[in-house]
Structure formats: C-alpha cells, structure tokens
C-alpha cells in the first residue's frame with residue numbers, strides 16, 4: 001500500500017505565474033487551493049487519500065499532447081488486470097445506452113400520427129442528441145474517469161451539486177432500467193400470453209434481472225462484445241423487413257397528420273426518452289481504451305446508427321401497413337412483421353426485441369454501477385462502493401442498481417418514461433450550466449476534443465435543448481412531478497447527511513490518489529473552481 005498525500009503550495013499565485021509560457025492549462029497541472037477540510041482537519045487527508053495500485057501507466061493518445069495526470073505524479077495508472085473497452089464495443093454500448101433499436105418508438109405514431117413521428121426522429125436529434133453528444137465528447141475527454149458527469153458538475157459548481165447530479169442521474173438510470181424487463185415481456189406476451197400478468201410475469205422479471213445482473217458482474221469487456229452481437233441481431237430483422245415490404249409501401253401514408261389530434265405529452269416524452277442518455281457513457285470513460293480519441297469517434301458513429309435505427313423501421317411500418325393509431329403501442333412492430341412477412345418474421349422481431357432489451361439493460365446497469373464507483377473514488381459515497389470484484393466490476397454498485405430495478409419494475413411503461421425524463425431534465429440543467437461555466441471561466445484548460453464554437457456559440461448551442469427540457473417538465477403530470485420533486489429533495493438532504501456520517505466516522509470515505517484534483521486555477525487566477 002502506497003500512501004499519497006495532497007501537497008498544498010504555500011503560494012499558489014507564485015506557482016501559477018511561474019508556469020512556462022505556451023503550456024496548455026489543464027485541470028491537472030495547475031496548483032491546488034486548500035479546501036475547508038484541509039484547514040480544519042489537516043491530518044485527515046493523509047488517512048483518506050490512498051491508492052492500491054501504482055503500476056505502469058498507459059498513454060492516453062491525446063489530440064494535443066496534454067496528459068491526464070495527478071498533480072505532482074506520473075500519468076494516471078490503469079488496472080492492468082482488466083481489459084479496456086475498444087471502439088466497436090463502445091459504439092454498441094452507446095447504442096444501447098441511448099436506443100437499442102426501434103422498440104418503444106411505437107407510441108410516437110399513437111400520439112401524433114406517421115408524419116410527425118417521422119419528422120420528430122429527423123429533427124429532434126439536431127435539437128437534443130447532437131448537442132448532448134458533442135458536450136459528452138468534450139467533457140468526457142477533459143475528465144476521462146468513471147465519475148463522468150458527476151465530475152463535470154463538481155469541477156464547475158462544487159461537490160454539493162456534483163452529488164445532486166449523481167443522485168438524479170443514477171436514479172433516472174435505475175428507473176430507465178426498470179423499463180427493459182417490462183418491454184421484454186410486452187414483446188413476448190403475444191406469443192406467450194401467460195407473461196401478460198400475475199405470478200408468471202413477476203417471476204419472469206425477477207429471473208431476467210438476476211441473469212442480466214450476473215452478466216454485468218462478469219465484466220465490462222464481456223458486456224461490450226455481447227452488446228455488439230445483440231445489436232447486429234436486433235437490427236438485422238428490420239433490414240429484412242424493409243426489403244420484404246417494398247411491394248406494399250404506399251408513400252402517401254407517411255404524410256398523414258392531424259395537428260388537432262396530438263397527445264403532445266406522450267409524443268415529446270417518447271422522442272425524449274428514445275434520443276437521450278448520450279452522456280451516460282461518460283461514467284465508463286475510465287474503462288475505455290484511449291478515451292480521448294475513442295470516445296468522440298464512438299459517439300459519432302453511434303449517433304448515425306441510432307437515428308437510422310429509428311427512422312428506417314418507422315418508414316417501413318407506417319408505409320406498408322394501413323394506419324390505425326390505436327394499435328401503435330409497445331410491441332406493435334411484431335404485429336407489423338407478421339402482416340408484412342408472416343409468422344417467421346414476427347418471431348424474429350420478437351426475439352430481436354428481447355435481445356435488444358437485454359442489451360439496454362446490461363449497458364444501463366454498467367453505466368449506473370460504474371457511476372457509483374466513480375463517486376466513491378471522489379469521496380462522495382462510502383469507500384465500499386469503490387470496491388471491485390475479481391472481474392473488475394463494481395459489485396456494490398451493481399447490487400444497488402439491481403435492487404432499484406426490482407423495486408420499480410411494477411410501474412407501467414408510460415409512468416416509467418415520464419418519471420425518468422423528469423429527473424433526467426434536472427440533471428441536464430446542471431450539465432449545461434457546468435459546460436458553459438467551464439468554457440467561460442477556464443477557456444485555456446486542455447480539452448483533447450473541443451466543440452469548434454466559442455463561448456457565445458456554447459451558450460447558443462444549449463438554448464434549444466434547455467427550452468425542450470422546460471416543455472417536457474411543463475407537460476408532466478402532477479403525479480410524476482410530485483414523485484420526482486420528492487426524489488430531488490431526498491438528494492438535497494442526503495449529501496449533508498453523508499457528510500455528517502463521514503465526520504462522525506461511522507463509515508469510511510476516501511478519495512483515490514490516482515485521480516487529479518478538481519481544484520483548478522487559470523493563468524493568474526487562484527480562485528478555486530471547487531468552492
């Protein structure tokens with residue numbers, strides 16, 4: 001065991017001014033301002049900051065030569081015993097974090113008709129998906145560690161709001177994951193009616209959750225390549241259905257619209273749910289091979305895959321089958337497959353839906369559990385959350401996430417989507433604020449991938465998705481709003497509660513010395529970014 005102690009310079013201003021001219025300002029190579037805890041408990045830092053591995057470091061492959069290093073130490077070491085995730089598995093992990101295929105988009109046609117559904121999946125990515133993916137690429141490469149968006153908000157707004165970000169995003173992720181066993185069984189119940197309710201459905205949800213949780217326990221590399229195989233299997237039947245449907249296509253069906261008969265709440269929630277969560281992959285950045293190059297590339301290809309994976313099946317389904325909006329609910333693509341190609345194609349779509357929901361489950365649980373690990377490494381959660389299994393996976397985080405899924409799996413599809421969207425919106429507010437604040441206060445900080453816009457462009461880029469968030473929140477039902485706000489209040493109280501537990505030493509908290517300090521200063525500016 002090697003003890004690492006943070007060193008606080010006697011004169012931060014002097015060190016800042018002594019920095020060589022032309023050197024990139026990074027969140028890691030600048031002086032550290034003493035925190036309140038350093039002043040009140042000068043001996044605690046030595047007890048709490050530690051590392052269990054100081055092995056050989058791995059080059060990150062930066063765009064601009066800047067290295068992600070701890071102050072006064074060598075580049076961040078990796079855990080050599082655990083394999084890192086490469087580009088192709090990462091693309092499909094993002095695909096499953098965001099989409100997983102067109103399963104669940106049926107409600108967009110039910111709510112607004114074919115034309116608005118197709119238009120929504122073409123326009124919405126420009127309003128929401130592309131800005132969120134770009135911000136994830138910039139911030140994820142700036143802070144390539146498992147805390148992800150928790151670290152972004154902590155560095156910009158302080159650890160209190162970083163914890164709130166982590167709580168809301170983790171809870172929305174667990175709520176999201178509770179949806180996949182529901183969708184899985186909704187697609188199978190047309191072939192196996194017993195799964196529609198009662199004890200068979202309860203036991204099926206339990207068994208499915210346990211099997212997929214074990215898959216996450218066995219390792220992220222396995223999850224990544226399983227995601228590739230499941231992704232190919234899930235997409236292929238829609239390609240076949242597209243070719244089979246050509247003789248039956250009637251383009252006039254695509255333009256059917258009745259603006260006076262639109263359920264805007266269901267429509268926007270369906271679009272929002274199917275095209276968000278691009279930032280979830282940031283909580284796995286510490287497990288990615290060469291994240292500063294791999295992450296932006298994977299986000300780009302995943303964005304193309306996701307949009308095509310939604311638009312093409314909707315084009316086929318609405319164009320080849322006479323419109324009955326009431327039938328467009330969860331699982332309807334399997335019925336369309338039977339109409340277009342026969343029973344064999346319906347079974348293939350149902351199997352693809354089942355596999356897709358498995359892929360989304362394991363990808364989301366990986367993100368949620370590694371987020372808890374990253375928060376524990378930053379001292380926001382008790383140390384036991386940072387413990388890894390012999391496969392390199394966060395065992396406690398996986399168990400907590402799986403428990404949340406089981407507790408929430410009794411909710412309906414629409415209730416789950418609305419509740420998770422509400423919490424997710426609050427988290428995105430903090431994310432946008434953190435992105436703009438870091439751009440404004442620390443424009444010279446090293447960003448291996450940087451969105452090619454200035455400060456004004458960064459603000460303008462965040463305006464359309466922020467307006468969309470406000471609309472989604474305004475359209476939420478009173479029940480969803482009340483439950484979600486109660487969850488937010490729990491987070492506001494939980495962070496001070498955990499600090500009290502830490503102060504009383506009832507549980508052990510520690511900050512990994514392998515991670516860079518989030519206190520950063522600019523040229524001639526010793527104002528710490530974490531207050």
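Note that Cβ sites are derived from N, Cα and C of the backbone, with glycine treated the same way.
Feature annotation from TrEMBL assigns compositional bias 'Basic and acidic residues' to 38-49.
Residues annotated as region 'Disordered' in TrEMBL: 1-51.
According to TrEMBL, the transmembrane segment annotation covers 87-105 (among others).
Remote same-chain residues near the transmembrane segment (111-130) are listed as 98, 105, 253-258, 261-264, 266-267, 270-272, 274-276, 278, 303, 306-307, 310-311, 314-315, 318-319, 323, 325, 464-465, 468 (criterion: CB distance under 8 Å, separation of at least six residues from the stretch ends). What TrEMBL records for 111-130 (among others) is transmembrane segment.
Here TrEMBL flags 142-161 (among others) as transmembrane segment.
Among the features that TrEMBL reports, transmembrane segment is placed at 199-217 (among others). Beyond the ends of the transmembrane segment (199-217), by six or more residues, the same chain brings 181-182, 184-185, 223, 226, 358, 361-362, 365-366, 369, 389, 391, 393, 395, 398-399, 402, 405-406, 409 to within a C-beta distance below 8 angstroms of the stretch.
For 223-244 (among others), the entry in TrEMBL reads transmembrane segment.
The transmembrane segment annotation in TrEMBL covers 299-323 (among others).
Same-chain neighbours of the transmembrane segment (343-363): 92-93, 96-97, 100-101, 103, 177, 180-181, 183-184, 187-188, 190-191, 208-209, 212, 215-216, 223, 226-227, 230-231, 233-238, 240-241, 244, 331, 333-335, 337, counting only residues six or more beyond its ends whose CB sits under 8 Å from a CB of the stretch. TrEMBL lists 343-363 (among others) with the feature transmembrane segment.
As annotated by TrEMBL, transmembrane segment applies to 395-413 (among others).
Non-local neighbours of the transmembrane segment (419-439) in the same chain are 132, 135, 138-139, 142, 149, 152-153, 155-157, 161, 164-165, 168-169, 171-173, 175-176, 179, 269, 272-273, 276-277, 279, 411, 445, 455, 458-459, 462, 465-466, 469, 472-473, 476, 480-481, 483-484, 487-488, 529; each lies 6+ residues outside the stretch with a CB under 8 Å from one of its CB atoms. As annotated by TrEMBL, transmembrane segment applies to 419-439 (among others).
TrEMBL lists 451-474 (among others) with the feature transmembrane segment.
Residues annotated as transmembrane segment in TrEMBL: 480-498 (among others).
Among 87-105, 142-161, 299-323, 451-474, 480-498, 87-105 has the largest number of CB pairs under 8 A with the transmembrane segment (223-244).
The stretch from 87-105, 142-161, 480-498 with the most CB pairs below 8 A to the transmembrane segment (299-323) is 87-105.
Counting same-chain residues at least six beyond the ends of the transmembrane segment (142-161), those with a Cβ under 8 angstroms from any Cβ of the stretch are 27, 60, 68, 169, 279-288, 291-292, 295, 370-371, 373-375, 377-378, 380, 427, 430-431, 433-435, 437-438, 445-448, 495, 515, 518, 520, 529-531.
Listed by sequence, the residues of this chain that lie at least six past the ends of the transmembrane segment (87-105) yet keep a Cβ under 8 A from its Cβ atoms are 117, 121, 129, 179, 183, 187, 221, 223-225, 227-228, 230-231, 234-235, 238, 270, 273-278, 280-281, 284, 288, 294-295, 297-299, 301-302, 305-306, 309-310, 313-314, 330, 333, 352-353, 356-357, 359-360, 362-364, 366-367, 413.
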